[in-house]
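These features come from TrEMBL:
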{"type": "BINDING", "residues": "Asn103, His108, Glu113", "note": "oxalate binding site"}
{"type": "BINDING", "residues": "His106, His108, Glu113, His154", "note": "Mn(2+) binding site"}
{"type": "DISULFID", "residues": "Cys29-Cys44", "note": "disulfide bond"}
{"type": "DOMAIN", "residues": "58-208", "note": "domain 'Cupin type-1'"}
{"type": "SIGNAL", "residues": "1-16", "note": "signal peptide"}
Amino acid sequence: MATLVILLGLAALVFTITVADHSPLQDFCVADPSNKVIVNGQACKDPKTVQASDFFFSGLHLPGNTSNPVGSKVTPVTVAQLPGLNTLGISLARVDYVPWGINPPHTHPRATEILTVVEGTLEVGFITSNPDNRLITKVLNKGDVFVFPVGLIHFQRNVGKMNAVAIAALSSQNPGVITIANAVFGSKPDVAGDILAKAFQVDAGIIKQIQSKF
Ligand SMILES: *[C@@H]1O[C@H](CO)[C@@H](O)[C@H](O)[C@H]1NC(C)=O
């Protein structure tokens with residue numbers, strides 16, 4: 001019995017630790033996209049061939065193209081753009097918003113996000129897990145910082161009169177993004193309409209209409 005309790009305790013501890021990216025086992029492991037070995041993360045380049053350019057990204061001074069239905073654009077700097085991030089458990093993004101533009105409700109399955117407003121005014125929020133589903137929301141001005149805990153659904157909206165810009169840091173080299181509307185209504189193939197009709201408690205025709213937009 002005591003052994004079982006200890007094992008369960010250890011399992012809980014391991015689970016807690018593995019919520020974030022694993023710790024590096026060497027100084028760095030620059031991602032080598034040409035390596036076809038399937039590993040958790042990406043295979044390392046030979047450290048002797050690594051250059052400063054492997055740890056470098058340029059472009060976050062450039063606004064993203066916000067000409068889209070939601071009026072915002074995320075410019076990510078994850079391991080896909082900056083190979084030196086491999087195994088380091090961290091990444092960055094710039095988000096641009098037109099007035100009333102939104103970064104629609106989404107979650108990062110592998111990362112907590114900390115966001116700061118560089119320009120403008122954002123209304124931000126996240127929603128806690130079931131059963132409370134409490135909305136925690138705030139208006140942020142330039143220089144303000146807000147954190148979105150790992151896995152929780154969150155969003156931003158530009159409530160100012162000018163374009164807004166935010167910089168977000170994320171606790172994974174590859175945070176992942178699940179945009180709720182796109183995932184639920186735009187999956188390939190579609191989730192059966194009657195499943196969504198029952199889930200959202202609306203007529204199947206409304207589901208068809210939403211699905212047609214994604
Ligand atoms: C921005 O995106 C829109 C819609 O995709 C496109 O038509 C337009 O050419 C893009 N603008 C720039 C400057 O790339």
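The first residue you see is number 1, and the count goes up from there.
For all residues, glycine too, the Cβ spot is worked out from N, Cα and C.
All features noted in TrEMBL, drawn onto the structure.
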residue	record	CB count, 10 Å
Cys29	disulfide bond	23
Cys44	disulfide bond	19
Asn103	oxalate binding site	25
His106	Mn(2+) binding site	18
His108	oxalate binding site	22
Glu113	oxalate binding site	22
His154	Mn(2+) binding site	22
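The separation of Asn103 (oxalate binding site) from His154 (Mn(2+) binding site), Cα to Cα, is 9 Å. Excluding Asn103, His108, Glu113, which define the oxalate site, the same chain contributes Ala93, His106, Thr107, Ala111, Leu115, Phe148, His154, Ala168, Leu170, Pro175, Val177 within 8 Å (Cβ to the Cβ centroid), listed in sequence order. Counting in whole angstrom, Glu113 (oxalate binding site) lies 26 from Cys44 (disulfide bond) by their C-alpha atoms. The two recorded residues, His108 (oxalate binding site) and Cys29 (disulfide bond), show a Cα separation of 23 Å. The secondary structure of Glu113 (oxalate binding site), as reduced to three states from DSSP, is extended strand. The distance from the Cα of Cys29 (disulfide bond) to the Cα of His106 (Mn(2+) binding site) comes to 29 Å.
Cys29 (disulfide bond) carries neither a helix nor a strand DSSP state and counts as coil. One way to see the shell of the Mn(2+) site is to take the Cβ centroid of His106, His108, Glu113, His154; the remaining same-chain residues with a Cβ within 8 Å of it are Thr107, Ala111, Phe126, Phe148, Leu152, Ile153, Pro175, Val177. Calculated from their C-alpha atoms, the gap between His106 (Mn(2+) binding site) and Cys44 (disulfide bond) amounts to 31 Å.
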